[in-house]
Amino acid sequence: MAELACFVSFSLTEDKVKWFPINKKAVKTMLCAKVEKDQRSNYYDTILYGVAPPPEFRNRFKTTERYGLDYESDQYSEVANLLADVLNMVSMPTEKFQFDIVKTVVQVRHLENLLLRIKDTDDILSENVKLRVKAVMIACNLVNETETTPLTESNEIVYQDSYFTITKLDYSSHKLLPLMADEYKITINTKTDIPDRDQTAFAAYIRYNFNKFAAISHGKRHWRLVLHSQLMSHAERLDRKIKSDKKHGRQFAYDDGDMAFVHPGWKACIGQLCGGTTFEVAKTSLYSVKTSKTVRTATNKIESDLISMVGN
């Protein structure tokens, strides 16, 4: 994770907020600077290279002893430039600006994936500036907007129908925060009601073709397919998010769209966590709740249909 302030700084003019990308030399200077404790929440002036992120976020950056953002990579500068460009397009009035916005946690891997989409000249995100702004704002958690298929982070499509798209998420070649994990993302193509029969058919497709994976939600109406062995760690992460929001007086909002394909154990566990149940109790639901009979029947039909085709 990393805060917005790890990539951009700002200045206040008479009528609007002006955003600037932070450069890698400024970050490097900040990491070796001695800063008084009461000044660590402020942006650091490097004198030579402009403003650097607040030193309180120094642990977000990679060093020889620590895993973190590779600020010396080209992708760091590209993400910083992208964020500054998009935030300047949004044109935030000075009187509405609050400093806490720079402490907003952004989705770093999501942003690096968006860079790849923008560079792909065949992708609509390459030319559609309005769509690009919205996609970046979603990745920065700065808008309450559903991440539909046109706005999603990856364009490596592995499945698509009238309502849903599954894209593969490959973070292994990332430079900022590489991650070796097999994951997929599910997004809706449009904001229309999806008939139960189509949800069931999609749930059966996932269960049959992605049987090593479970469909989970972090509550923002898009979904991930993660390995069953990773369910517990994802649930722990969401539990920490719920506790953090409660501690800081924020309302945690969870909306999985009540989709038929969401893993039943995940749905039960997160429902309990949102209701105040301890993680130790709620986690027992992760692997104990069975898939609905309707979805199991639809999955069996896929298998029987395939066997019939082979027989013919």
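Quick reminder: no glycine exception, Cβ is built from N, Cα and C everywhere.
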What does Swiss-Prot list, out of K185, K191, K267, as binding the same ATP as Q107, V108, R109, H218, G219, K220, R224? K185
Same chain, outside the region 'RNA-binding' (202-238) by at least 6, Cβ under 8 Å from its Cβ: which residues? 146-147, 152, 159, 161, 163-164, 166, 169, 181-188, 252-257, 259-263, 265-266, 269-270, 273, 279, 282-283, 286-287, 291, 295-296, 298-299, 301-303
Just give the helix, strand and coil counts over the region 'RNA-binding' (202-238), going by DSSP. 19 helix, 11 strand, 7 coil
The correct three-state DSSP answer for Q107 (ATP binding site) is coil
Give the distance between the Cα atoms of R109 (ATP binding site) and H222 (active site, for NTPase and RTPase activities), rounded to the nearest whole Å. 16
Average pLDDT across the region 'RNA-binding' (202-238)? 95
Which site among R109, K185, R224 has the most other CB atoms no more than 10 Å from its CB, taking these as binding-site residues? K185
For each of H218, K220, H222, count the other CB atoms within 10 A of its CB; which of these recorded positions has the top count? H222
